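Step one of this worksheet: look at the structure below.
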Amino acid sequence: MKYVFVTGGVVSSLGKGLTAAALGALLEVRGLKVRIQKFDPYLNVDPGTMSPYQHGEVYVLEDGAETDLDLGHYERFTSGKLSKLNSLSSGQIYENVIQNERRGLYLGKTVQVIPHVTNEIKDRIYQGAKDVDVLITEIGGTTGDIEGLPFLEAMRQFALEVGPRDCLFMHVTLVPYLGAAGELKTKPTQQSVAKLREIGIQPHIVVCRCEHDMDNEMRDKISMFCNVPVKAVIECQDVASIYELPIALEKEGLDELVVDLFGMKRPMPDNNLWTDIVNRINNPRHEVTIGVVGKYIELQDAYKSVYESVTHAGIANYCRVNVRRIDAEDLEARNGLSLLKGLDGILVPGGFGDRGTEGKIAAARYARENNVPYYGLCLGLQIAVIEFCRNVLKLKGANSLEFDQEAIEPVITMMEDQKKIVDKGATMRLGSYECQLQPGTKARKAYGEEYVRERHRHRFEVNNAYVGAMQRAGMVVSGLNPRRNLVEIVEIKAHPWFVAVQFHPEFQSKPNEAHPLFAAFVKAAMKHHNAAKAPVAKKAPKAKKKKTAKKTTKKATKPVVKKAAEPKTDS
Ligand code: GLN
């Protein structure tokens, strides 16, 4: 059993999580069983109650744990499913410690950070390590933060307990470029490593995030001042797509170094799946533009898994997917709908509260009336149902009780078991539930199976009192929770592709295994794209039409460069 601890220095948002995930991916390719987990020093019990402005997306695990978005990277880059044991915050630790103290479990001792808090942390490392060869643990925050100290102290103690040969510390740091001086600077890295050494941790590997090439002199300097061999100074520049990161780090020798340091013999096989993924991203044969209509579109991380899943669907379809981020509130303005012109697909992701909902409803209506593929996720389903009830069933007062508690036609209602709940944390319908797919529907066709499991995070649901009327008017229920008869998927029969789901499929998509509904949505967008081009081509003689199509395909060879996909995020 081997342990890698990942710490970060100088600034946040360095992409520690992605670096950890990419290392995990490479070790998996080498045949090792890997698990990656995250420890966060903040006092919230979990990020479920945090605003997207504070924390970005809340990533939901199969067992319903609401976790940091880095766990999304871990699940996308490695194959194992994570559980609530793999996400720990100071809030959880203190909650446990205080409960234990109240129960008298410390037998009259004074309860202290060392050993009681550090023991809780070490326990979680041992628990996380069950059934794997390598456990990678990322510590959130930046070295030097007061709240991070108990975690670093626990890592130090842990290494002492299991022995230095089985533990490895990897420090991800910033090597900034000073324009005025025209050079990269190593001092911040030196100082943040010094900070680690002060508490007794000597990193084995220093990963240097930088925007320019590091020359040998720089590497020597970092090696000398940080007390690591030159080959353990790993350069890590921005990559166009995060899925290039494993290849970039492999070129720098990171995974080789790790297996060497652990004394393992695990050669890299010839067929590294990441090469194929990158090839597909860089050589698309098609191109579409989809609009994501949300209220946090200016934030890099609020819809992280949605953006990533769209990329995966592009990879599956050899298609470059451009994402136009549209602020739902802008659609509410006069002529706002012009923002939707030229889109090949419209996606409405999850959300809470009523801000921007009328804009989202307008987007769903536009998609329905103009035969533009529509894909609604969680709130995106509720929006589609409200729109359909208002404009097709002519129920003018149709709304969700979340947005209007007095709604005349509560087509979206609070789930029965939610009504008595007062606490906000971890009390939604969370985690994986079964969904039965109805024959002859687009959803069933996409999945190719009758039963699937998907992850949830919501308090409201479709009101079954309206389902009969909806179905008769053409919005059918194509997925149902068989136990509780809850609507899980709706779709419009007569529309080219209008599918909305009550769950979050974006939490189960991987770059090499796109989620079936995302893949089908992008496929429908490709169809729409080609159909939209057809009228222009019609005027031209037949032979020319083919040429135009070919040209466009050839043009689309630029790599997918999307801001949302850059490895710059770290909470
Ligand atoms: N706010 C809605 C609910 O609670 C949708 C939640 C979501 O989109 N995750 O049901």
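Glycine is treated like the rest: Cβ placed from N, Cα and C.
TrEMBL annotations: computationally assigned, not manually curated.
Note: C378 (active site, nucleophile) has non-local neighbours P349, G350, G351, H456, R457, H458, V501, Q502, F503, H504, i.e. same-chain residues 6+ apart with C-beta under 8 A of its own C-beta. TrEMBL lists C378 with the feature active site, nucleophile.
When other Cβ atoms within 10 Å of the Cβ of H504 (active site) are tallied across all protein chains shown, the result is 23. The annotation active site is assigned in TrEMBL to H504 (among others).
Counting every protein chain shown, the Cβ of E506 (active site) has 28 other Cβ atoms within 10 Å. Look at TrEMBL and you will find E506 (among others) tagged as active site.
Sequence annotations record features per position, and here TrEMBL assigns CTP binding site to S12, D145, I146, E147, K185, T186, K187, P188, T189, Q190, K221. Long-range Cβ contacts of K187 (CTP binding site) within its own chain (separation 6+, distance under 8 Å) are none.
Feature annotation from TrEMBL assigns UTP binding site to S12, K185, T186, K187, P188, T189, Q190, K221. The secondary structure of K221 (CTP binding site), as reduced to three states from DSSP, is helical. Around K221 (CTP binding site), the same-chain residues at least 6 positions away in sequence with a Cβ under 8 Å from its Cβ are T186.
Within 10 Å of the C-beta of L18 (ATP binding site) we count 26 further C-beta atoms, all protein chains included. The ATP binding site annotation in TrEMBL covers S13, L14, G15, K16, G17, L18, D70, V239.
Using a 10 Å radius centred on the Cβ of G351 (L-glutamine binding site) and all shown protein chains, the other Cβ atoms total 25. Per TrEMBL, L-glutamine binding site is recorded for Y53, G351, L379, G380, L381, Q382, E402, R459.
The Mg(2+) binding site feature in TrEMBL is assigned to D70, E138. Take the CB of D70 (ATP binding site) and look out to 10 A: across all protein chains shown you find 27 other CB atoms. In the three-state DSSP assignment, the secondary structure recorded for D70 (ATP binding site) is helix.
Summarising the annotation, TrEMBL assigns compositional bias 'Basic residues' to 539-561.
According to TrEMBL, the feature domain 'CTP synthase N-terminal' maps to 2-263.
Residues or ranges marked as domain 'Glutamine amidotransferase' by TrEMBL: 299-523.
Look at TrEMBL and you will find 1-264 tagged as region 'Amidoligase domain'.
Residues or ranges marked as region 'Disordered' by TrEMBL: 532-571.
Checking the binding-site residues I146, K187, P188, L379 against ligand 1, the ones whose Cβ sits under 6 Å from it are L379. A gap of 17 Å separates the Cα atoms of Q382 (L-glutamine binding site) and E506 (active site). Y53 (L-glutamine binding site): 11 other CB atoms within 10 A of its CB, across all protein chains. In the predicted model, the domain 'CTP synthase N-terminal' (2-263) has a mean pLDDT of 94. Counting other Cβ atoms within 10 Å of each Cβ, the binding-site residues L14, I146, V239, L379, L381 show the lowest value at I146. Comparing local CB density within 10 A for the binding-site residues S13, Q190, Q382, the maximum falls on Q382. Counted over all residue pairs in Y53, G351, L379, G380, L381, Q382, E402, R459, the record's binders of L-glutamine, the longest Cα to Cα distance measures 24 angstrom.
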